[in-house]
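In what follows, a single structure is set out as structure tokens and then discussed.
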């Protein structure tokens, strides 16, 4: 006699849990999704048309989820906006939204779909998790009615939130997170009144979740790690790459290293908007990643991670970011310093004129020190050491302290700081450090072709970012990207008129 389906499912789930419990590692998956977008319109479509579009995207996601589960993955992350896209007004997104309850309700939408009203998207996501015995992370829209008794209630009588949901291998809703740091274009959504630090426990560690632009701010991203002490962060994103410091694979891998946690980053794929770059990142570097500007295909990534990376012998040590930099005298004079713009911020630069040596460049309280040796100095490529200590105010306001070795776009020094994807100069060694006023510094090494360098560099506990082996590819940038969260609310310094 065959066991009944629920009993069989419970047995498989229990076995999955036991297998995970017996291990200090787990298998993670992320899916970079080329979203099927609705036709642009200011007028709301019918609920049926909205659901039809979402089902097209969920068909693709379901294929990736099944494939990940067959390869042994315990959890899969799908991208922000992955089910309906991003081209909306407040009114036109409404048919795509569902009322998403708090996880405390103990709900499996797959087996009880109408408990909180129509929820076909949550039902389908829940069934994907349940039928494949895998944690499923997705990004959808939440709607919450309100009335005039709430002074913050929008005039249309509802709040609309950019929302991450997590379903466990039984299909139960175990996490709901409302995005706190909305990007400037997300006018279809409301800000939650307070930042939410959302975590949940699994047999393979404690997980936290946030979305896209959140990663640049203190709440909830840093709070999840420093206060809630999560092991792994789930990160749905729709990230538009900005060179030289803010390409997805570069910054997200650096954040995992700087915060000493795992980060599962699933990006959307739309090359016309420079949206690509997903990865599974550990504190000691990328386990796997993908950056593809050549085709429009989605991409599934799978890798094994330590369940508790802070306990792993491979985990990097705690860093005093300014220790070395404060102990050394200035390595060069500022006679030849010049200024240039990177992503609207005015940096101070000094050129690497020799094939090797020691340089210092300073801006305000930040001094950046570089020791380097090139395999050969080329006449057709120029590199600079740059420093920025100030408030960034375009597409968000956040205080940065950055030390960077980077290739200029051409031999004309006026091009230094402009986006560069390729290089030919190879370095034998580099050592970069800075007198940072913040403990939150994210180390980036980007090779030619927007490629990462996992295993080829490390940060010493005195704050020096150094190569471990001879770099295997030409260098585009080596950067210490510091975030001084306490200074985010300062007023911007007046800029010289030429830079306004």
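Residue numbering: from 1, along the chain as shown.
Cβ atoms here come from the backbone N, Cα and C positions, even for glycine.
Note: TrEMBL annotation is automatic and uncurated.
TrEMBL has this to say about the protein:
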{"type": "SIGNAL", "residues": "1-22", "note": "signal peptide"}
{"type": "DOMAIN", "residues": "31-307", "note": "domain 'CN hydrolase'"}
{"type": "ACT_SITE", "residues": "80", "note": "active site, proton acceptor"}
{"type": "ACT_SITE", "residues": "179", "note": "active site, proton donor"}
{"type": "ACT_SITE", "residues": "212", "note": "active site, nucleophile"}
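Counting every protein chain shown, 26 other Cβ atoms lie within 10 Å of the Cβ of residue 212 (active site, nucleophile). For residue 212 (active site, nucleophile) paired with residue 179 (active site, proton donor), the C-alpha to C-alpha distance reads 9 Å. For the domain 'CN hydrolase' (31-307), the model gives a mean pLDDT of 98. Residue pair residue 80 (active site, proton acceptor) / the residue listed as 'active site, proton donor' shows a Cα separation of 10 Å. Around residue 179 (active site, proton donor), the C-beta neighbours below 8 angstroms that are at least 6 residues distant in the chain are 161, 162, 163, 164, 186, 189, 192, 210, 211, 212, 213, 214. In the three-state DSSP scheme, residue 212 (active site, nucleophile) falls into the helix class. Other C-beta atoms found within 10 angstroms of the C-beta of residue 80 (active site, proton acceptor) number 26, with every protein chain shown included.
Under the three-state DSSP scheme, the residue listed as 'active site, proton donor' falls in the coil class.
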